[in-house]
């Protein structure tokens, strides 16, 4: 799910501005210029579903968003791995994706009705959702990419350790950077390439350790999660262009992307015959599949809302840092809650990936080119040459 960061810049422009109830009442007796100033200082709206966090201070908004991200996505990862521990479930990752998409359709309908109820009021069940903003042909592309991302990601767990899957997800910068250079002709700074290099080294080391420690390691899982990353990287470009051009709310994008993705996958599974075998297996284990699948889907859907709120309140770099920390905690929980072999190579390679993510976040605020590096080296050399200690050492 791509996250639009335009709201975060609006938040930065209005930081520290809070309007009290008394101030709002006194605005009616103020001159027009004062009323205009009061309106312009209103903080940007921040909502998580039907909960309005607009008039909380920024620290409270940040803490609430962080708490939601950590709790929901740690629960999401735990339930995802728990479902795949059910004996005989590993071949049915695509059916889990179908169940997840079905739940997302229901959640999306409820969210769109909540938005309509908040805007127009009236009876909740008689609310008509807002008309679609983005053309259907764009959603057909988004649905295919969403299906590739979620389906390949879920199915890869049948062949990979969960920590390995998470490490791959941390390295989405690599396909994004390569695709942006080849397709859009973008230019990146030195820190971006350093970040991608660290991620590649850490990822290769982690995968090598996993292949040595895990007896059921399969390169098909690596291919699946790599395909999921490529689809996820493409989703960002398509969603960014569509949401900015047509001013579509995120609830609409989620609803149509997963709704059409459900139709795609349902037809494919009917044609291949995998639907009936997956459905029969889930009927034999309804709690472990449909029950856990509901909580798994609900935590993922709500997690998207909290990440969006975190981006709007604190900005994309901070949101990226928080989600990276969440992934590190998820990996730690995976080793603690599910028995699996461990080696220190996991730790060191994971730290290299984290370094790459930090460099990527740092580069968003501090653009560094090769010319900047040469300039700083010259400045450092000149400073050392003028240093008294340097002169003393030469004289000795």
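A Cβ is built for glycine as well, from the same backbone N, Cα and C atoms used for every other residue.
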Item to check | Given ranges 342-362, 363-383, the stretch to which Swiss-Prot attaches the annotation transmembrane segment | outcome: 342-362
Checklist entry - Based on the annotations in Swiss-Prot, which residue of 57, 154 is described as N-linked glycosylation site? => result 57
Item to check | Stretch among 140-160, 163-183, 189-209, 216-236 sharing the most Cβ pairs under 8 Å with the transmembrane segment (318-338) | outcome: 163-183
Item to check | Dominant neighbour of the transmembrane segment (189-209) in 163-183, 216-236, 253-273, 290-310, 342-362, by Cβ pairs under 8 Å | outcome: 342-362
Item to check | Close approaches to the transmembrane segment (253-273) from elsewhere in its chain (Cβ under 8 angstroms; 6 or more beyond its ends) | outcome: 1, 94-95, 97-98, 101-102, 104-105, 108-109, 111-112, 132, 134, 139-140, 142-144, 146-147, 150-151, 239, 242-243, 301, 304
Next on the checklist: Through the lens of DSSP with three states only, how would you label residue 57 (N-linked glycosylation site)?
Outcome noted: coil
Checklist entry - Under an 8 Å Cβ to Cβ limit, what residues of the same chain, 6 or more beyond the ends of the transmembrane segment (290-310), are close to it? => result 1, 3, 46-49, 53, 61-62, 64-66, 68-69, 72-73, 75-76, 79-80, 82-83, 96, 99-100, 103-104, 107, 250, 254, 282, 318-319, 322-323
